[in-house]
Amino acid sequence: MKTLVLFIIFGLAALFLLSSATELEETERGCQKFFWTCHPGQPPCCSGLACTWPTEICILGR
């Protein structure tokens, strides 16, 4: 009985972590990731990244 309760608790915790990670990924959509091109007219670089000039790629930013 104790083992079943522990499995249920760990299963719910894993489900919560998975849904949290998915939600974070969905909020970051629409931005350019590390070393992606960042030409004008494209979405901006993701948070923490900056577009470099003249190479126009997203790198760790200011």
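Placement of Cβ uses the backbone N, Cα and C atoms for every residue, glycine included.
Since this is a predicted model, take the numbers as computed values, not measurements.
Sequence-distant contacts of Cys31 (disulfide bond), defined as residues of its own chain at least six apart whose C-beta falls under 8 angstroms from its C-beta, comprise Pro43, Pro44, Cys45, Cys46, Ser47. Taken from Swiss-Prot, the feature disulfide bond applies to Cys31-Cys46 (among others).
Taken from Swiss-Prot, the feature disulfide bond covers Cys38-Cys51 (among others). Sequence-distant neighbours of Cys51 (disulfide bond) (same chain, 6+ residues apart, CB-CB distance under 8 A): Gln32, Cys38, Pro44, Cys45, Ile57, Cys58.
Under the three-state DSSP scheme, Cys58 (disulfide bond) falls in the strand class. Per Swiss-Prot, the feature disulfide bond maps to Cys45-Cys58 (among others); the stated evidence is similarity to another entry.
Positions annotated as signal peptide by Swiss-Prot, on the basis of sequence analysis: 1-21.
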